[in-house]
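Structure first, then comments.
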Amino acid sequence: MTSANSQGKNKRFDREGSLGETASLWSILLVLGLFASAVFIGVSFHYDLPKPMPVDAVDPVTQLPVFSEYKAMETIKWLADDLGYRIVGTLEEKQSADYILQQLSTYKRLAEKTEGGPKFDIWVQRKSGSHRFDIMDHMVLKLYTDITNVIVRLSCSDNHPSCSKDAVLLNSHFDTTLGSPGAADDAAGVAVMLEIIRVLVQENWDGKKNAVVFLFNGAEETLQDASHAFITTHELKDSIRSVINLEACGTTGREILFQANSREMIDAYRHVPYPHGAVMANDVFLTGLIMSDTDFRQFVLYANLTGLDMALYKNSYVYHTDLDKSASIAVGAIQHMGENTLALVRHLIGDVELGIPIEKASDVVYFDVFGLVFIVYSWNTARLIQLGTAAVAFAVFLYIFNTQCNAPPYRSRTHHLVAYIFSTLAVIVSIVVSLVAPNAVAFLLTGVLNRPMSYFRQEWFGAMIYGPAAIASSLAVQYVLSLAPVPHHPNPEYGAFVSTMLTWAILTVLVTRLELASSYVSWLYLFILLVAVGVNEAVALFNRYSRSKDYLKGDRRVFTKRVYLLGYVASVFPLALLYTDYTCALVDIFVPLTGRMGPAPTDNIVSVIYGMVTYMICPALVAFAQRFGQRGLRNFVLFFAGLQVLAIVAVVILGGEGSYFYPFDYLHPKRVFVQHMKNMTSGEAHVYIAEADQGPFFTPIIPKLEEALGQPAEHRVHETSNTDWDSVYPFSAFLSSYRIDAGPYIRQETNDKHIAASTGSLAPYFDFPLPHVEARNITYDPITRQRSFTVACHVPSYTWTVISFDAHVLDWSIGNEEPLNYTSHYVVRNVNGYGSQDWQLDLAIRVPDDADPATYKLRAEFTAMDKEGFAAHGDERLIGGVRVLQRVKEVLPNWTTGTWLGSVVGVWEL
C-alpha cells in the first residue's frame, strides 16, 4: 500500500526534476533565453567588422602606415562612381588603367624615398590569345585581342637579387560586367591592392625572402582572359609560387576564404587578424551551385599554383547590378579585407620559403571560430578525432543502456534496446521531415497560391515562412512515436536526448567514411551533444549520491533517468551559437543567389535550406518538447502548425506588389536583361527582354511593353532560338525571353519621313558603323575534304563579339584545345581591348559529304555588342532618331534592375 506521503512525493515527481527544476514555464523560459542569447551573440560576432582606419593612421609601435579603408574608398569611388562602367573595349577601360598607373607612379616615387624600400617594377601588358572556358555545363571558346594588364613587382633591392626569384601573386580586376559599375566587383580588390602597395613601399625590405607581384587585370568579366594572358605569357609567370585572388559577389560583411588548395597556404591564413572561412565553403563552391567562377581557376589550371580565393559575399542582391556602387559597401568591409590580405602578404614574403614547392592538397580541414581563431588540421587527424569521438559516444551509450537496465523502473534489456532503436529512428525521421515539410509549404505557395519567392527580400524571411513547418513536422514524428504500440522509454525525454547524441554519432561515422572534409560539422555536433549527455550523467551521479539517504528510505526516484536543465545548458547554447554563425553565412549566400538561378525551383531550394537550419540550430528540441508529456508534445505540434498557417496567410495577404512579402524592391531587385538587336541580314529590329529567375512577376510587364511598343510579344523557346542571347553566352541558358518587333514603333516615332514610309528592311537606315566578316586564305584538300580559311572580323566601335556555327572542325587556332571529332555547334566569343577593332580565327573544317566543295560555304551567325553604354550614360544607337531602350526603361517598374545591351547580328557565308 502507498502512503499519502508517498503519493504526494510521486505526484511531485511527475512534474519536478531531481534538482528542483520544474517542467513548466520556467524551463521554457530558460531554454528560450539560452537560445535567444546564443543567436544574439552569434549574429553580433558574425556581422562584426573592424573600425576603418583614417588615411594618416600609423602603427603605434612601428610608426609605419597601416591599411586605411578611407584611402581605399577614394579609389573605389573614383572607379565606380566617377568613372562607372568599365567594360572591356570602352574608353573607361583605358581610363581605369591610366588611373592605376598614375597611383603606381606616386607609390614608386615613395618607395625610392624610403630607406631600405623595395625595388618597384611596373609592366603594362597588351596581349591577344585564346583558351577554352567551361562553365555551367557549357563549352565556351574564348579569344581576346589587345586586352590590358597592369603588373607591379615589389622585391628586395639589387643587393639581394634572390628575393625576386620567388613571388606571391595578388590578383584583382578593374573591368566590370555589362550591368554594373563594379564598386565591390572588383574596384574593392583593386583598391585593396593599391593600398597594400602604399603601405609596403614605406617599409624596410631588408631580410625579406620573397617578392610580391600585383596583377591589376583588365579582362576578368569576359571569362578570365587577362589572367590567362598573364599566367601563360608574361615574363614573371615562372616566378609565381602562390596566388591570392581578391573578388566580390556582394558588398557587405566580412570577406570569406572560399577556395584554398594547399596546406601551406591555409596555414598562412592563420596569420590574418580576422579569419573567416571554412572548408565547407570550399566544398560548396566546388559543387558548382554558386554558378560563378574567378581568376583563381586560370592560375590553378595553367600554372598549377596553390593559393587562396577570397571575396566579399554578403548583400549579393546588388551583385552585377547598377546598385554595386560605393554607397553599397558596408563600413569596415574594406578594412577587414585589407588587413587580412596585408597580413597574408607580410607573412608570405617575410617568413615562408616559397622556393620549396608547395603541393596541392584537398585533405585539409579548416574553419574559423567567430572570426577569433582559425583552426587547421589534416584529414588524417580529422578521421582519428571524429571516429574516436564516435567510439566514445557509443561507449557512453552502452554505459547508459546498462545502468538503465539495472535500475528501476525495471524493464528487460530487449525492451530498452527496442525503445532506443525506435527513438533513434524517430530522431532520424524528424531530421528528414524537417526538410520535407517546408518543401510542401513551398509547393503550396508556388503551385497553388501564386506566391513564389516570398522569402527573397530579406534573408531571414525564410525562417518565418518555412521554419514552423520544420519544427511542427519534426515534433509530430515524436508525437506519433508516443502513440505507437511499441516499447517506450520510462522517460521519453531522456530517451530522445540520448538518441539525438546516438544519431549524430552514427552520422559522424557515415560522413567520415565518405572522407568529406566538411564532416567536421557533424563531429562538432557530436562532441557538443556528447559533452551535454556527460554533464547530464554527472549531475545524475551527484544527485544520486546526495540523496542516498532518501534511497535507503525507499525513494527509488533517485535512479530514474531524466534530463536535467544543465543538460540543455550544455547543448542548446553552444549548438545555437555555433550554427547561428553558419546559418548567417549560408542564407546570406543562397537567398540572394536564387534571384539569378534561372529555371531552378528556388522556393524548394530555400525551403530545404531553412528546414535544415531550423533543425540544426536546436536539435535538442525533439527531446525538450517531451519534457511536458504526451499532451504537451501535442500542444507544441499544434502551436507550430498554427504558426505555419498564420505565416502562409500573411504571405498570401501581404504578398502583392509593394507589400511586405513581395519579393522585390529597389534594393532587392529582379534582374531583367534587355537587348535591342538590329539584324543586318533581314533588316529587322527587335527588343528582347528576359528574366533570370522563376518568379511569375515578369509576365505582367510584357503587356505593358506590348502597349508601349505597339506590337505583340513572342515567347522565345530556348531550344528553337538559342542564338538570341549569344552576346551573353553561356549565361543565356538561364534566361527566359520574349521578343517584340521594334520596327513599327520606330516608323511611328521617327521624324525621318523615308523611314516612316518604309515597309521593308530597316538596314539601309542603320546609320552607324557595322561589323564585317569574311573568309580569307581559303584552301581545299580534295582527298580529306578539308577546307581551311581565316575568319577575319572587323568590328569598329564594338566590344564583345560572338560567332556561332555548326561544323565538323578538324583544326583551329584556339589555344591547345582539340576540336570535337564530329559535327557540333560551336560558339566562339571574342573581346577587343580599347583601341582594337579587328580579330581573326583560323579554321579547318570538313566539307559535308552531301555538299559540293566548289560551292560550299560555312554559314555563321555573328553578333556584336555596341560600345555605347545605355546603363552608364543613356547612350544607344538610334534608327531614325528613335530611343527604343529608353522607352523600355520607362515601362519597367522600379523593383527591376536592367542589363542593357545594344547589338547587331548578321549571317555570313564563309
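In case you wondered, yes, glycine gets a Cβ from its N, Cα and C as well.
If you check TrEMBL, you get these features:
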| type | residues | note |
| --- | --- | --- |
| TRANSMEM | 23-43 | transmembrane segment |
| DOMAIN | 149-344 | domain 'Peptidase M28' |
| TRANSMEM | 385-405 | transmembrane segment |
| TRANSMEM | 417-440 | transmembrane segment |
| TRANSMEM | 460-482 | transmembrane segment |
| TRANSMEM | 494-514 | transmembrane segment |
| TRANSMEM | 520-542 | transmembrane segment |
| TRANSMEM | 563-593 | transmembrane segment |
| TRANSMEM | 605-624 | transmembrane segment |
| TRANSMEM | 636-656 | transmembrane segment |
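The listed stretches are 494-514, 605-624, 636-656; of these, 605-624 has the most Cβ pairs under 8 Å to the transmembrane segment (23-43). The largest share of C-beta pairs under 8 angstroms with the transmembrane segment (385-405) comes from 494-514, of the ranges 417-440, 460-482, 494-514, 636-656.
Counting only same-chain residues 6+ beyond the ends of the transmembrane segment (605-624), those with a CB under 8 A from a CB of the stretch are 27, 31, 35, 39, 426-427, 430-431, 434-439, 441-442, 455, 462-463, 465-467, 469-471, 474-475, 477-478, 493-494, 496-497, 500, 504, 525, 529, 532, 563, 568, 571-572, 575-576, 579-580, 582-583, 586-587, 590-591, 594, 597. Count of Cβ pairs under 8 Å against the transmembrane segment (460-482): among 494-514, 520-542, 636-656, the largest is for 636-656. The stretch in closest packing with the transmembrane segment (520-542), judged by the count of Cβ pairs under 8 Å and taken from 494-514, 563-593, 636-656, is 563-593. Sequence-distant contacts of the transmembrane segment (494-514) (same chain, at least 6 residues past either end, Cβ-Cβ under 8 Å): 382-383, 386-387, 389-390, 393-394, 396-397, 400, 419-420, 423-424, 426-428, 431, 478, 488, 522-523, 525-526, 529-530, 532-533, 536, 561-563, 567, 619-620, 622-623, 626. Remote same-chain residues near the transmembrane segment (417-440) are listed as 397, 401, 411, 466-467, 469-478, 481, 484, 486-489, 492, 495-496, 498-500, 502-503, 506, 604, 607-608, 610-612, 614-615, 622 (criterion: CB distance under 8 Å, separation of at least six residues from the stretch ends). Model confidence over the domain 'Peptidase M28' (149-344) stands at 94, taken as the mean pLDDT rounded to a whole number.
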